[in-house]
Amino acid sequence: MTILGMTATDLLSRIIYLGVVVIIALVVQKALVRGMHRAFDRSNLPSATIFINIMRGILWAIALLVVMQPVFGVSPTGFVAALGVGSVVISFGLQATVSNIVSGLGLMLGKVVQPGDEVTIGTFTGTVTDVTWRHTIVSMRNGTEQVIPNSVLNTSALTRRTAWDAGDCALTLYVRRDAQLDAVEADVIEAGKRVLADTLDPALATSVIFDQIRPDCLVATAHFHLKNEQIVAIARDLMVRELANRSWMVLEAFQPAADLQSKGG
């Protein structure tokens, strides 16, 4: 009895051969991925999906070449030659994909972006969580994710943010001119510790900077530094509610003459 032009014994041997190669490839893949993660942890190379996926692709390409002749009866040499000719046609269809892969490698090897970086790209600010074959994923503190094609990111300007300003909850304060500035600073810092509590980053101290003098008040900026997972807007809301009725606060700050004229008609 023949099946697909092969005897049952021949078909069974080919299936077994294919199964053995697949199992070996899976075992090697698992060991390879684990080894790459360890190597990334010990080196300065960034750990990203794109590197691991490339190695997976190479491994399975080798496995395919190994089984082509014994299982499918196709010469690997002829297949590679045909692939070389066909790649010219295929490249037009995969031009965007190839561009994204090359751009992703350039971004990672050049250390332009790495997982864990705090970046601003256009109007979007967040943490780089991964760089894949096709795109870079940037996550905001509120959970929103921006998926940016690598080829676009490779030609776009970005700002790499420091730990100081990545979680900075800045709050503008209008302070009476006769207020004791040291007391105001101490009050704001103490309020931040009490209201924000465990959401503050212990590595960065809260600061109050008096940076403007106006006719009826002094302008200060308080900087509360939050941990990575905390949302700045929520922390700012809590601090505004806490400080709104302080005796040293000026409720109606000085307005430029142009603004007053526009309101008066």
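Using the three backbone atoms N, Cα and C, a Cβ is placed for every residue, glycine included.
Unlike curated records, TrEMBL annotations are generated automatically.
With a threshold of 8 Å between CB atoms, the same-chain residues lying at least 6 positions outside the transmembrane segment (15-33) that come near it are 52, 55-56, 59-60, 63, 66-67, 70-71. Look at TrEMBL and you will find 15-33 (among others) tagged as transmembrane segment.
Annotation source TrEMBL lists transmembrane segment at 45-67 (among others). Sequence-distant contacts of the transmembrane segment (45-67) (same chain, at least 6 residues past either end, Cβ-Cβ under 8 Å): 17-18, 21-22, 24-25, 28-29, 32-33, 36-37, 39, 76, 79-80, 101, 104-105, 108, 111, 114-115, 130-133.
Residues or ranges marked as domain 'Mechanosensitive ion channel transmembrane helices 2/3' in TrEMBL: 58-95.
As annotated by TrEMBL, transmembrane segment applies to 79-102 (among others).
What TrEMBL records for 97-157 is domain 'Mechanosensitive ion channel MscS'.
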Per-region confidence, the domain 'Mechanosensitive ion channel MscS' (97-157) (mean pLDDT, whole number): 84
